[in-house]
Amino acid sequence: LQTMSGNEDDWLALKPQEPSPSQCCGSGCKPCIYDVYEKELAQWERARAKQDKSLLMEKKEQSNNSELNPDTFTPFSISSVEQLTEDTYQYKFELPGNGSLRLSLGQHIVLRGMVSGLEVQRAYTPISPGNAEGYFEVLIKCYEAGLMSQYIKTWKKGDIVFWRGPFGGFPYRPNKHGELLMLASGTGLAPMLPILQSIADNEEDETFVTLVGCFHTFDKIYLKPLLQDLARYWNIRIFYVLSQETSLEKLPWSYQENTYIGRLNEDLMKTIINSCRRRPFVLICGSSAFSEDMSRYLKAVGIDENSYFVF
């Protein structure tokens, strides 16, 4: 009997752990971490019933693969860390053998972090083009009290980080919409960039784009050189809404005519929509409060739910 109970402890040690609510990123991933858990649990129960541990091996082999995968986490190495503002960083990850993540536009990937023994998961959208070879880049804002932020703040070049995906995304097709209006708050800029980049890179795509970036101050605008480059295209306009700046005079003159001071409210929304060349399809990304406000303002100016998409 002794060997049997020792064996039982072995099996319990191998049992997959049920995810805690903090591990679910809440982005409606398919499969969700809970789906993955159910699958692993069923696999464990089968192996235990047959008393055959080799049946648990398949999932171990899978995660050594260097390709991104929705079911298991894959290790990627950090090749550079760049601080953009006091709390926002751009991380570059290596893809072995000039591989590509092959993301559709606006798709996100899920990061796994360990913080004081707790596993946490969060979704982020790479800002690099989906077909970028040999690397991908992610824009991350670190929060003082954020669990995941405590983990991310320790990252340095050469560290190994685990991702799975891709998930979600906005099914963008060239020339499907006459005009896209992108409303982005802070790092909500991330899913907009691959779409903007693909429109700029495709001469056949004649979609007009109006990007409205909401930030606290001029210094907090991320990736200014990239945005300035994109704004030079004939079909791309970029506006900034700065909630904590006091006057336009302090800004470089090249920013003064396309920047608003204050918040993006219903009146400003009306002004921006009226300045669009065609009736826009709207993309929204930011905090849940930002998304709710934007949906409300859009409704007020007569844009219905079928005409916008929230990341």
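Glycine is no exception: its Cβ is also placed from the backbone N, Cα and C atoms.
Residues or ranges marked as FAD binding site in TrEMBL: R122, Y124, L139, K141, M148, S149. Taken from TrEMBL, the feature domain 'FAD-binding FR-type' applies to 71-173.
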Per-state residue totals over the domain 'FAD-binding FR-type' (71-173) - DSSP helix, strand, coil: 9 helix, 48 strand, 46 coil
Output field, FAD shell: CB within 8 Å of site CB centroid, site R122, Y124, L139, K141, M148, S149 dropped: L111, V138, I140, C142, G146, I152, T187
For L139 (FAD binding site), the number of other Cβ atoms found within 10 Å of its own Cβ: 23
C-beta crowding around M148 (FAD binding site), within 10 angstroms: 20
Set of same-chain residues at least 6 away whose C-beta sits under 8 angstroms from S149 (FAD binding site): C142, Y143
Set of same-chain residues at least 6 away whose C-beta sits under 8 angstroms from Y124 (FAD binding site): H108, I109, V110, L111, V138, L139, I140, A190
In the chain carrying K141 (FAD binding site), residues 6 or more apart in sequence that have Cβ under 8 angstroms from it: D87, T88, G186, T187
Neighbouring C-beta atoms (10 Å sphere around the C-beta of R122 (FAD binding site)): 21
Recorded FAD binding residues, R122, Y124, L139, K141, M148, S149 - maximal Cα separation rounded to whole Å: 14
Integer mean pLDDT for the domain 'FAD-binding FR-type' (71-173): 88
